[in-house]
There are 2 protein chains.
Amino acid sequence: MDKMIIYLPIVLAVLGLIYMFVKQQWVMKQDAGDGKMKEISDHIYEGALAFLNAEYKLLAIFVVIVSVLLAIVSLVVPTTHWLIVVAFIFGAVFSAFAGNIGMKIATKTNVRTTQAARTSLPKALNISFGGGTVMGLGVAGLAVLGLTAFFIFFFHFFMGGVWTNTMDMTIVLETLAGFSLGAESIALFARVGGGIYTKAADVGADLVGKVEAGIPEDDPRNPATIADNVGDNVGDVAGMGADLFGSYVATVLAAMVLGNYVIKDMGGNIGEAFGGIGPILLPMAIAGVGIIISIFGTMLVKISNNEAKESQVMGALNKGNWTSIILVALACFGLCKYMLPETMQMEFFGEGLIQISSMRVFYATLVGLFVGAVISSVTEYYTGLGKKPILKIVQQSSTGAGTNIISGLATGMISTFPSVLLFAGAIWASYALAGFYGVALAASAMMATTAMQLAIDAFGPISDNAGGIAEMSEQEPIVRERTDILDSVGNTTAATGKGFAIASAALTSLALFAAYVTFTGIDGINIFKAPVLAMLFVGGMVPVVFSALAMNAVGKAAMEMVQEVRRQFRDIPGIMEGTGKPEYDKCVAISTKASLKEMMLPGLLTIGFPLIIAFVPMLFGMNHLAIAEMLGGYMAGVTVSGVLWAIFQNNAGGAWDNAKKSFEAGVEINGKMTYKGSDAHKAAVTGDTVGDPFKDTSGPSMNILIKLTCLIGLVVAPILGGHTEEGYAEVTKEISVENNITINKDNAEATVTYTTIVNGEEVIKKETFTGTKAQVEAKLKAFEAANDVARDENVKTIEKIEINKS
Amino acid sequence: MDKMIIYLPIVLAVLGLIYMFVKQQWVMKQDAGDGKMKEISDHIYEGALAFLNAEYKLLAIFVVIVSVLLAIVSLVVPTTHWLIVVAFIFGAVFSAFAGNIGMKIATKTNVRTTQAARTSLPKALNISFGGGTVMGLGVAGLAVLGLTAFFIFFFHFFMGGVWTNTMDMTIVLETLAGFSLGAESIALFARVGGGIYTKAADVGADLVGKVEAGIPEDDPRNPATIADNVGDNVGDVAGMGADLFGSYVATVLAAMVLGNYVIKDMGGNIGEAFGGIGPILLPMAIAGVGIIISIFGTMLVKISNNEAKESQVMGALNKGNWTSIILVALACFGLCKYMLPETMQMEFFGEGLIQISSMRVFYATLVGLFVGAVISSVTEYYTGLGKKPILKIVQQSSTGAGTNIISGLATGMISTFPSVLLFAGAIWASYALAGFYGVALAASAMMATTAMQLAIDAFGPISDNAGGIAEMSEQEPIVRERTDILDSVGNTTAATGKGFAIASAALTSLALFAAYVTFTGIDGINIFKAPVLAMLFVGGMVPVVFSALAMNAVGKAAMEMVQEVRRQFRDIPGIMEGTGKPEYDKCVAISTKASLKEMMLPGLLTIGFPLIIAFVPMLFGMNHLAIAEMLGGYMAGVTVSGVLWAIFQNNAGGAWDNAKKSFEAGVEINGKMTYKGSDAHKAAVTGDTVGDPFKDTSGPSMNILIKLTCLIGLVVAPILGGHTEEGYAEVTKEISVENNITINKDNAEATVTYTTIVNGEEVIKKETFTGTKAQVEAKLKAFEAANDVARDENVKTIEKIEINKS
């Protein structure tokens, strides 16, 4: 039985996809409303498809280029198998397909939600959340299916389906990393490109429509209005989906890599149970079970009262979410107990092997679940309506845009305090419990509810769109009121979803970072080496520059949009009277093209920097392991700085947004009720303008930046790092004592110069011993003894040992 | 002769101070103008003194508290000598005294510059730059005098004035670190408190005066106007002076510490030349010679043409600056050649001992001089009037404050790109040339021209004040025109000065970081250990939160000021008609009190975090060396993130400021000339409001944060790290093999559990050997041999060695 468990995640993933399909059919069967509603919805649907098609074309080119590069690498580097190319392509295709499912269902669900809201709020929630569920299960199901299927395939291909040794499994997992790289590449396009698209369309529509032509938001006469609505789906649905797809796959992969090293630390064999790969299977099993738990969780999300308010809707979502989290905790308990050896040995840096019980691994998963839950509350505190930080920004708006902006920036900056302490505590705790395997499993447990998180997340923009459609098709006020309730809850879940996404990206990157170190075989990343420290600086800088480029990209893309809208207002007769039809598709095309063009530079920065650090020093003949350590420093810099800038930008943006929204219901400033249209409100609008690219473009892009950086590192690792086709690095030594100086009467010194050949490269090392003559002689003896045997795993041949004592 | 060179820096410092005194007398002898000018100037002078006195009171309390803490530490920790308390107090007093000299001369020079500008521009430059020179020489002279005098005293006190061994010198330098800590503590008050003061007064004066009462800037009827002018001196003169004083001392100290380790790497003795301490003396000698060179440089700064424009004034400053830099390079060549052994051995991580010629150390100093010069150009590019980034912000102002702010933020963010690459390149190059000693000497060489840099820097706010006095005392337009030329050049030098300050802080911190690692005796900082990685995250977060707190502090302090100004307008009869006299001193008192109160929280954050990281885990019995490594991770996080946020905030703030100023002369936007008062200008003013606390409060505060963090680490190092009073850590060992498991037929495993006693604390360590039985036995033998002798420097007694082989 326990040998069959390898197929369990596939079965669970397929079950999830079947449920998704059923749910999808159910949503599609719902009433899509009357003529005008349908027309608007169709425009959004077509616009979304247009973006996807354009994106796919660009993606296809990108995938071909990277595939060729990977193929060349697999030809040149003996440890990299060509199957990595296949895994890469499938990773990209699966992620794109998941995004496609999500976008399609989201753009079909919106109008059905509007229609349902005409009669019933519970039904409207049911449908909009149903759309979200389809999206969530599509992402989670395809992620687990793809990853597991490839793992089983590679496990059979490279190892014949039975445990042989750690090295073979390393090859399996290195090849599997291609799948993850493919998935994350799509995320780059979806999250960064999508983030630029959504804000460019938004700004473009507002600038010409609201400001120049003086027509309201979502007015069908505005040629950019469809692009604006498409943008919501592109950014919040497809972008978020691809982001979490990437995190999900990368987290599970990293946990598998570290599971393999647990087996290594235990002597390379843990017996027959679960084919001898229990620690490697565990993260996949948790992911699979998480899908089923998420399905159950989504079933709990419903309300019965047609007069329900925000708090009841939020309560329904919370019920489903918390139930999922608790069930995942229970499942982790069972799976850890069932699949792991009761006691494991794990190597801790500087502490040697430590006995770790399976229960400690379980506790580590609890840490992950805790972080996932708490980061949402932290995010909500700093960005939630009516919370102290927002009220403060509102107060500061009364003295102008300047103070509003300072206050918003400060809020975003201060919000890094609890968030980073939470992450730091989580790293520490999960590591103390079960090493980096614990860190990776904490991330895996947190990500197990991905389907549920995405359902909650995607429901927001669907409701937002539903409200927009209600407005555009001039429904009765009650319809808008109902969709507004859903939309308002959706705004909160959007902020907490961003918190979850950054937490997942942070933990994923850490797990990948740990996997990278073990892959390369370096003994840690020592920032006291100046080149490593220099790369830590460079890595820290990249997220800052990336953010700036992303923000500038929004500005440039928006200007192209503005020009097109102006042209249409000028050239199409009767457009303002409603008799001429605006060319929505041209606006969609322009912002599609502009956003994909503008994402090139930040994308290049993301991919280019790690490759330059890895390969340029190689041309100058630098030691590979030294390069690996530098690249590790770079990865750490990007991760630390990226997490900080993500939290800062997301929360500042969210805070400004809600400070502005506060004016809709009216706020009390200096004892006076203040509303929309006041000077303070205008200041808050300015703040929101700054916050928009923060929270929708550059902030969320950080997730991709840090994950992709660490994944590129992981894929490059075999080229840099510690093993060849046969096993570990081929290290040969030639040892000779160069000189032996006596300085003072009691101070002797001996310098041993030896040549170590690592992967065919000569590395000259020196070791110096000082002390009394007797001490130096003893040290030389010890050195001899140590070199005879201490590195036996690495040393293939010791060509010559000559020690001349004076 | 070469034994006397230890006294050379003192002699040069005293010469510098004598020249300063002469120059001071000369400035004071200049005509201070007529009644009204003198009255205004006196107000500013008294206000500045009021701030200094209030600061000194708080400082005295702070110094007493820290002294008591240090005294307790010196009682408890055998390696910390009580003289560190004395050094600390003197460091604080010297820095405060230097600040005092600077503030006094600056507030006396301003009115004399105005008076001189009535007749001659060359004379006005001569006087304002003369005031700056006094400031620069005061700081540099006192820094070198204090540090050198204490070094000589400790060298004689602990070592009898002759070289004994590295350990004794470590005690000398550890005690000397107290001086540096004292200096940097003052910088905390001067830079952070001063930064809050200057912006609180500025905002408070503008908000009530300009906006509410509708009177122009610098109007004597505004009670806050004197506070505003005092603020310029407090922030730009005293703050910058204390900042560079701290950098100067810390850099030289760090270089001395690393020089000591060069001697250690060379076997603990380099012969008789220069008392056997050439590498330790070298940084002091460079600093001393730098003072004389700076004096010479300042002499070159003059113009003869009364009709000179900005470019000629800038040219005169550049001539002096570049001459100083070139002369320092020549001096470094001579001193390196003269004072260092022709070849040294230096320990490089993972590469063993490497032969380094004295010329390579010289090349490292060139790297430092290069960085100092280039960072100024980079800063000028991103913040200079008429440069591309500024023109872009100006263009973006036409679409409102939102786009202006996004553009300014993006400019600041992108400016981190060349700056960080420059720093990273400098770290790499200077380390490759001469290890961390090279990094520290690069910093020392850069700081050698501190007196010159400060002269250029202080000249700006003096000219600014001179212009203000001309305005307030209603001089003829030509006077204001002349001071405006000086002020305009001063704005440029203010920006480049900030670049120099952050570059110096960054290199200083790196040097301190390296000194910390060598002090604690840890073998590097490995971020692959989770607790270290967690602290890297926490360290990265602190500058972000610090910046937010500083910005909020400005807001709070400004509000207190606003209330006082409102009260005076209400309560003092005839104030608006000019018949009632405003109570300037009350405003000065309020902003003094508020700024010092508001700096508490960020100050506490700076000092508290490293102490918590160092001492809380100690309470839980954590291994001291592990704590040392964690604290190192924290320091690296603070440095990397702090440098990034300093560059970002300084340059964004500078860019917004000059974008706003561009409107004064008029700018072309979309083909139309646009001036002050336009909507675009209003948007630019909003940007400047955000930029003000960025560039004058939170940005420059980062310098102090990163240096103080690393200095606290350095002072704490002896408590955490590797040596006791006698020498190295008292490490005793008890070794016993706990178990010896045979897993498979060919896999044997032996676990050696041993107790290491480090400074009286038991640390349990494990080492595991695996392999075939024969291999394991051989490994055990090697382990035995290695422990017998390999650590002889650390091992005092081996109590028991029992190895049971099964």
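Just so it is clear, glycine is given a Cβ too, placed from its N, Cα and C backbone atoms.
The feature site 'Determinant of potassium dependence' is assigned by TrEMBL to B:Ala494. Among the features that TrEMBL reports, transmembrane segment is placed at B:6-22, B:58-76, B:82-103, B:124-157, B:245-263, B:275-301, B:321-340, B:361-382, B:420-443, B:500-519, B:600-620, B:626-648 (among others).
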Six or more residues out from either end of the transmembrane segment (B:361-382), which same-chain residues have a Cβ under 8 Å from its Cβ atoms?
282, 286, 322, 325, 328-329, 332-333, 336-337, 340, 344, 388-389, 411-412, 414-415, 418-419, 422-423, 426, 429-430, 433-434, 437-439, 441-446, 449, 492, 495-496, 498-500, 502-504, 507, 650-651, 654-655
For B:Ala494 (site 'Determinant of potassium dependence'): intrachain residues, at least 6 apart, with Cβ closer than 8 Å:
B:Asp236, B:Asp457, B:Gly460, B:Pro461
Who are the long-range neighbours of the transmembrane segment (B:6-22) in its own chain, taking Cβ under 8 Å and residues 6 or more past its ends?
101, 133-134, 137-138, 140-142, 144-145, 148-149, 152, 155, 274-275, 277, 281, 284-285, 287-289, 291-292, 294-295, 451
Can you work out which residues elsewhere in the same chain, 6+ from the ends of the transmembrane segment (B:275-301), have a Cβ less than 8 Å from its Cβ atoms?
2-3, 5-6, 8-13, 15-16, 19, 125, 129, 133, 136-137, 140-141, 143-144, 147-148, 151, 155, 161-163, 169, 248, 251-252, 255-256, 259-260, 262-263, 269, 316-317, 319-321, 323-324, 327-328, 331-332, 335-336, 339-341, 344, 361, 365, 437, 440-441, 444-445, 447-452, 455
Within-chain partners of the transmembrane segment (B:124-157) [C-beta distance under 8 Å, separation at least 6 from its ends]:
6-7, 9-10, 12-14, 16-17, 19-20, 23-24, 26-27, 30, 83, 87, 90-91, 94-95, 97-98, 101-102, 105-106, 108-110, 112-114, 116-117, 172, 175-176, 179-180, 183, 237, 241, 244-245, 248-249, 252-253, 256, 277, 284, 287-288, 290-291, 294-295, 298, 301-303, 313, 316-317, 450-459, 462-463, 466, 482-483, 486
Residues sitting near the transmembrane segment (B:600-620): Cβ under 8 Å, six or more positions beyond its termini, same chain?
188-189, 192, 535, 538, 542, 545-546, 549-550, 553, 626-627, 630-631, 634-635, 701, 704-705, 708-709, 712-713, 716, 719-720
